[in-house]
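Have a look at the structure that comes next, please.
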């Protein structure tokens, strides 16, 4: 990676393919494809005639009257406007759903093995969720599997934002703002209404967190101070790139709208934005750059210290969804059971594993799998983990080395889909057995020592 200025990185991915990124989170960016210098209008957004004969189009990610800190929009200067298309018609939704009443509620601890490998939107499988896209309040958790690139097709989510967590295989994501290469151990966010297409290079698998009605933001740091966790400078958004390509056989735009899929046809590539400016953009982040904070004396700090991004609700301190990771770090707490504690939570917790072994369940929880611990459902370390760590010598040690587990945590009580419980046939019905060997250590004759 070669740094050629304080704000840009030029990354050579192949001998003929260069990608340019701008660093920062929620910044006011501006970018124009170097093939068309001066494509951004000077001093105004919507001149009578745009440079190069381009069309001006605004993409709004918030209401016009939102306060400045939460007001999101970008201006796109494109060869043809996105309004030029044939009518949308319904298409088969596959395993994408927003029907949360397909099966009866199940409060048990749930775990699934790897989902096997489709074109990405055809391989999008809804695991669980809650709320409603129509009322702009809710969440969906999906897993994707694909082995075919989206040739002359793009996807547009009118319902909410996608936070994409690749687990296997690189994703070359082309957006209206430019290109991003997203690899396992990185994440990307494609915000509501942004069109994108995905190229893959073999079997590809990962997780998607979808939120309706809010955008992801960095968590407040409170007494941590000004620095720490995911630092804004480590987020990257793509620089402008365009193609002026006529597609005589038809270009298909897939639109997710109110939980259903629709498609329309047009005869040109939608990635025809020559220049843009604004603060409403796609972006990516490398999880290795997360600055972990941990307890250095005794006991646990709560896992909220590992929050990368949050989508806030209207209740202070309560999230529609948090994206939390459990990265490699040092464990030094004294006289402490160091793995995660046993817990019943007023939040729902969906766990995933990108690589390695999760510290609280070293066996049976595989990369590409997932678990759901629903609201107030007990969970915690398995019996082996408890016994091992209750007797361990408490020396400073590296925790989760070579591992990256994550959690989608939500204030919603999530319903599990029929596909996840039955159709996919990956549900581990023996999951509860990992706690069966837990035994009583109660000693009524114990007397505390007096120091």
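Glycine is no exception: its Cβ is also placed from the backbone N, Cα and C atoms.
Worth saying up front: this structure is predicted, and the values here are computed from it rather than measured.
Marked as active site, proton acceptor by TrEMBL: 300. According to TrEMBL, the feature Fe cation binding site maps to 343, 349, 379. Taken from TrEMBL, the feature homogentisate binding site covers 358, 379. For 20-287, the entry in TrEMBL reads domain 'Homogentisate 1,2-dioxygenase N-terminal'. The annotation domain 'Homogentisate 1,2-dioxygenase C-terminal' is assigned in TrEMBL to 289-442.
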Write out, in the order they occur in the sequence, the residues of the chain not among 343, 349, 379 that have a C-beta within 8 Å of the mean position of the C-beta atoms of the recorded Fe cation site.
340, 344, 345, 373, 377, 378, 380
Within the chain of residue 300 (active site, proton acceptor), which residues six or more apart in sequence place their C-beta under 8 angstroms from its C-beta?
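Expected: 333, 336, 340, 341.
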Check each residue in the chain of residue 349 (Fe cation binding site) that is at least six apart in sequence and keep those whose C-beta is under 8 Å from its C-beta; list them in sequence order.
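Set apart from residue 349 (Fe cation binding site) by at least 6 residues yet with Cβ under 8 Å, we have 372, 373, 379, 407, 408, 409.
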Mean pLDDT, the domain 'Homogentisate 1,2-dioxygenase N-terminal' (20-287)?
93
Please work out which residue of 343, 379 has the most C-beta neighbours within 10 angstroms of its C-beta, and give that one of the binding-site residues.
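Highest number of other Cβ atoms within 10 Å: 379.
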What is the separation, in Å, between the Cα atoms of residue 358 (homogentisate binding site) and residue 343 (Fe cation binding site)?
16
For residue 358 (homogentisate binding site), list the number of other Cβ atoms lying within 10 Å of its Cβ atom.
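Counting Cβ neighbours of residue 358 (homogentisate binding site) within 10 Å gives 26.
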